[in-house]
Amino acid sequence: MGNCIQGCKDYFSRQKNTNIRLTLPVVCFVWQIAMIILFGVFIRYDEESDTHWVETKAHDNITSDIENDFYFRYPSFQDVHVMIFVGFGFLMTFLKRYSFGAVGFNFLVASFGLQWALLMQGWFHSLDPQTGKIFIGVESLINADFCVAGCLIAYGAVLGKVSPVQLLVMTLFGVTLFAVEEYIILNLLHARDAGGSMVIHTFGGYYGLTISWVLYRPNLNQSKRMQGSVYHSDIFAMIGTLFLWMFWPSFNSAITDHGDGQHRAAINTYLCLASTVLTTVAISSLSQKTGKLDMVHIQNSTLAGGVALGTAAEFMISPYGALIVGFFCGIISTMGYIFISPFLEKTLKIQDTCGIHNLHAMPGVIGGIVGAITAAAASESVYGKQGLINTFDFTGDFKDRTVLTQGGYQAAGMCVSIVFGVVGGAIVGSILRLPIWGDPADENCFDDEVYWELPDEEEEHQESIPPILEYNNHMIHKQQDLSESNFSVEHCES
């Protein structure tokens, strides 16, 4: 028995091999061929993207092509698509030598994930029982991007510590888990979550955090010199922040009902985000003796309001209510970076590279709570009788549901997303621990050189990184008194 245990320890602790010349191409080719076959069997255009649209118009007395859902949804789809590929990608470029991995692997994960999401979500939400086909349109593309967002959130927790093959495995299981929990929350519980506070952010946050916990690296300090940011890397990350911040109203309103619901969701998110910026700046300044701002807070906590208002975005939360949510989210998220992230790493052994707990998981839970309270407090005097029916979709099997009951189901939906994130993350993390995926050694984490061909000038200077001004960034948490500055000059060996 002792020999068996020792054998297992030796197997899991054997020297890392980051050569993915065989595994990465095989996974990419096999999985893409599988997508082609599955799409050929199951995926078809829906009636609004098929050439029979002309007949559909005549049958339904539609007089203009402008009634096609494409013209309602495509502007929002464009915004969401930019958030997925540009916003998330550039937000993760803060590490001084991991920009290729941040943007490039984000590109890889999203490109595979959206294909698998169209299938998984189609099987659960729109499979035609008569034909056995999945009919897709522009709204399907938005939902697939939402699904991918959950996986990219999880990627933020393990940024720089996993191989591209591990990321593809994470995405395969993450999309599958997402489709199941989304079906339970939106269809079985009939909870409302237009902007995905629960379905996307809470699930993705706890999925990534749990995987990071399972993949804990006790010797990660061996790559400490790579964990900081430099001036230009923070600028690139701020580009991602601005894209996400500008387009978040589209994200939260993209799949809401046409008309007042979509209009209201955009307004509420717009106001909430603006409020979050001011309180984030205030807390960031207060945390420093000299009142200087920490770029980490500005890059991340300013977005927390968009996360927290996702569930209640289409509800009658009122403009001042949206400002209140943003006010508190800016405070809570920034305090999370200052106090909670060091606690998670030191005590719970969760190495959260991008701080997704403070940007996604915690604000996502706040969003679920706000949504449950707002739903339970809804009244006919505020919404109107038909307004209540439209907003909460009290039709069919749910026509007799009360707002108090709806509030309870909203809270239940949040619990489901947490359970799927934690349990699913533990299972997937255990799979990713297998020493077959080509993940980097502790001393080589956060370095593009492991998986990317670098320009010549970068290779020449890879062993002589000059002294840098190092922040209290996402990974380097110095336990300090609030009266002390978070800045220090670190001289790296030449």
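Cβ from N, Cα, C; glycine included.
Unlike curated entries, TrEMBL annotations are predicted automatically.
Among the features that TrEMBL reports, domain 'Ammonium transporter AmtB-like' is placed at 68-450. As annotated by TrEMBL, transmembrane segment applies to 22-43, 77-95, 102-122, 134-155, 167-186, 198-216, 228-247, 267-286, 298-317, 323-344, 356-378, 411-432.
Residues of the same chain lying 6 or more positions beyond the ends of the transmembrane segment (102-122) and with a Cβ under 8 Å from any Cβ of it are 31-32, 35, 38-39, 42-43, 84-85, 88-90, 92-93, 95, 134, 136, 140-141, 143-145, 147-148, 151-152, 155, 159, 164, 167-168, 170-172, 174-176, 178-179, 182, 452. Between the transmembrane segment (356-378) and the transmembrane segment (298-317) there are 3 or more Cβ pairs closer than 8 Å, counting only residues 6 or more apart in sequence, so the two stretches are in contact. Through the fold, the transmembrane segment (134-155) approaches residues 42-49, 69-70, 73-74, 76-77, 80-81, 83-84, 88, 92, 105-106, 109-110, 113-115, 117-123, 125-128, 167, 170-171, 174-175, 178-179, 182, 196, 199-201, 203-205, 207-208, 211, 254-255, 356, 360, 425 of its own chain, all at least 6 residues removed from its boundaries and within a Cβ separation under 8 Å. Stretch with the most C-beta contacts under 8 angstroms to the transmembrane segment (228-247), considering only 77-95, 198-216, 411-432: 77-95.
198-216 is the stretch from 77-95, 167-186, 198-216 with the greatest number of Cβ pairs below 8 Å to the transmembrane segment (411-432). Spatially, the transmembrane segment (323-344) is not adjacent to the transmembrane segment (77-95); fewer than three Cβ-Cβ distances between them are under 8 Å for residues at least 6 apart in sequence. Same-chain residues lying 6+ beyond the ends of the transmembrane segment (267-286) with a Cβ under 8 Å from its Cβ atoms: 195, 245, 248-249, 251-253, 292-294, 297-298, 301-306, 308-309, 312-314, 317, 319, 321-331, 333-335, 338, 482.
Per-residue confidence over the domain 'Ammonium transporter AmtB-like' (68-450) averages out at a pLDDT of 97.
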